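*Asks:* This is the structure I want to talk about, given as structure tokens.
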Amino acid sequence: MSPSSSSSPPLKSQPQTPLRRRPKAMKPPKNHHKHHSDQTSIPKLKPNRPITEILWVSLVATCIKFLLIPAYHSTDFEVHRNWLAITHSLPLSQWYSDETSPWTLDYPPFFAHFEHFLSFFASLVDPIMVNLQHGLNYKSQPTILFQRLTVIVSDFVLVFGIYRLTRNLGYKERVLIWVLVIFSPGLMIVDHLHFQYNGFLLGILLISLSALEEGKDLLGGFVFAVLLCFKHLFAVAAPVYFVYLLRHYCRGGLIRGFGRLVIMGTAVVAVFAAAYGPFLYHGQIQQVFHRMFPFGRGLCHAYWAPNFWVFYIIFDKVLAFSLVKMGFSVQTPTASFTGGLVGDSSPFVVLPRITPMVTFSIVLLAIAPCLIKAWKDPQPRMITRWIAYAYTCGFMFGWHVHEKASLHFVIPLAIISLKSVEDAKHYFYLSIVSCYSLFPLLFEAQEYPIKVLLLLLHATLMWIGFSSHFTTTNRKAAETEQTRYDKTRFIVGWFGKLYLLGLVAVEIYGQFVHPILFAKRLPFLPLMMICIYCAFGMMYSWIWQLRQIIKLH
């Protein structure tokens, strides 16, 4: 709690009338000057009411989201509209088998029930919206407004989650974190332009993390199980949850620990039974899992996520071209990885082909240092960092990773960005790289100023907020040690500046130079440059987080 947000107890010698109304009558003792100063400052800052403060911040963000309603939306808009129609028009036993539209239902059951809940209101707004046959590619104004509003309203789950995580922080600290999360340009681009419900899902994750940080392990594990039944891609952090809860919640001796293990297991099983039980009853469980885990889609998404596999693919193609030039009989590499279709990508020419089991093994190996830490010393204050690192590993080495999955670790890392100046610098670079890697999702000209302004505004707010926080919190402690003071200030080094300038150079090339040099030829080249350049930043982030996991106690 910051001093500015706390209040001193009233002095017995003080009258009940406020100080400003009777300044002459107030003659406190000399040894009470400090209390007098604190009392007179209270009307300016109001009592500590973080729930009211965060509602005002979220209200401003909501106004910005309303302005984005008429903007571009991707095919994900039709995907979710079709899910409204499926869950509204068909019985539960047919939700995961319907193929009326190519955009079939492939999220876990709780999200299907969420769409079913929304479909009741959708049918009142525009019945065609939830019609399975006549609603295909339907985009009436009421439909657009309704679906945009569902994302905006569901974002208040994120607001509640971030409130729970920060309510015990000082005023300046919590407001800065609220701005980083609620005004996240990545969430604005993906949810309120491209169209998805990531804010809602990340809010559930933050609620789980807040419970774990408060020592409410049973609640944290229960909420995480609920999250997995909304979106299974969050399961990357399941090993960390399992080890942490086993060592932190199920402790206290054999009998007590086993009893707690049974309680936790019962809660988790109950959640999964509620989600998948009805589909098991209808004999649809195999179809549900087939939709949720479409391994035939290939290693990479249509637009490559900036992760480790980018370098693997590029290295394979470079080797193949080199061997062909040297006269070896090697299959000529194609640009199938950049063709833009979501399908089974062609095999590698030189390097070994990557399978889902290989990626699973690498992700688990990458998470291992975090699991060892959680096993040896399960600390609630470290859980958010560990979970963010797990999602980073899933993003870097996972199978068919979407570029939007970077939000899974960027948002939790915002919570710990004020732990140290090193955390702040890391988050500053990472959030900019993550947001810029999402730029290709908005490819129409009218949205270009929006995404640029969102990123610039975010970078500016981070710079001001971090600079102010780490200057004021460290000045007193180091006022006689200038060297130490310099190390605790928020300063972007020359290497970081060069890398960020490189982002600007890549963007200038893609927007202005490439059209002049190649016209409509090599359309994949600007996208590939963005992906490769951002992949370097993501690799740096993964290495930095791994180093912190190993170093911190």
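Start at 1 and count along the chain as shown; that gives each residue its number.
Glycine too: its Cβ is placed from the backbone N, Cα and C atoms.
Whatever TrEMBL says is automated annotation, not expert-curated.
Residues or ranges marked as compositional bias 'Low complexity' in TrEMBL: 1-10. Among the features that TrEMBL reports, region 'Disordered' is placed at 1-45. The compositional bias 'Basic residues' annotation in TrEMBL covers 19-36. Sequence annotations record features per position, and here TrEMBL assigns transmembrane segment to 54-73, 144-163, 175-190, 219-246, 258-281, 302-324, 354-374, 386-402, 452-470, 490-510, 522-543.
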*Asks:* Could you tell me what the rest of the chain brings near the transmembrane segment (522-543), counting residues at least six beyond its ends with Cβ under 8 Å?
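*Replies:* Sequence-distant neighbours of the transmembrane segment (522-543): 303-308, 310-311, 314, 335, 338, 366, 392-393, 395-396, 406, 426, 429-430, 433-434, 436-437, 439-440, 499, 502-503, 506-507, 509-510, 514.
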*Asks:* Do the transmembrane segment (354-374) and the transmembrane segment (219-246) come together with 3 or more C-beta pairs under 8 Å, pairs six or more apart in sequence?
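*Replies:* Judged by the Cβ rule, the two regions touch, with the required three close pairs present.
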*Asks:* Using a Cβ cut-off under 8 Å, which residues of the same chain at least 6 positions beyond either end of the transmembrane segment (258-281) come close to it?
*Replies:* 92-93, 96, 108-110, 217-218, 221-222, 225-226, 228-229, 245-246, 249-252, 287-288
*Asks:* In the same chain, which residue numbers or ranges, 6 or more beyond the ends of the transmembrane segment (144-163), come under 8 angstroms Cβ to Cβ?
*Replies:* 50-51, 54-55, 58, 62, 65-66, 68-70, 73, 77, 80-81, 118, 121-122, 125-126, 129, 177-178, 181-182, 187, 191-192, 195-197, 199-200, 202-207, 209-210, 415
*Asks:* Among the recorded stretches 175-190, 219-246, 302-324, 386-402, 452-470, which has the greatest number of Cβ pairs closer than 8 Å to the transmembrane segment (490-510)?
*Replies:* 452-470
*Asks:* At an 8 Å Cβ cut-off, counting only pairs 6 or more apart in sequence, do the transmembrane segment (302-324) and the transmembrane segment (386-402) clear the bar of 3 or more pairs?
*Replies:* yes
*Asks:* At a Cβ cut-off of 8 Å, and with pairs 6 or more apart in sequence only, do we get at least 3 pairs between the transmembrane segment (452-470) and the transmembrane segment (54-73), yes or no?
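*Replies:* By the criterion, they do not touch.
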*Asks:* For the transmembrane segment (386-402), find every same-chain residue at least 6 residues outside the stretch whose CB is under 8 Å from a CB in it, and list them.
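*Replies:* Those are 205, 209, 233-234, 236-237, 239-241, 244, 294-295, 297-301, 305, 307-309, 356, 359-360, 362-363, 366-367, 370, 373-374, 408-409, 412-413, 416, 538-539, 541-542, 545-546, 549, in sequence order.
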*Asks:* Please indicate, using numbers and ranges, the residues of the same chain that are 6 or more beyond the transmembrane segment (54-73) and have a C-beta under 8 Å from a C-beta there.
*Replies:* 144-145, 148, 151-152, 155-156, 159, 162-163, 174-175, 178-179, 182-183, 188, 192-195, 442, 444, 446-447, 450
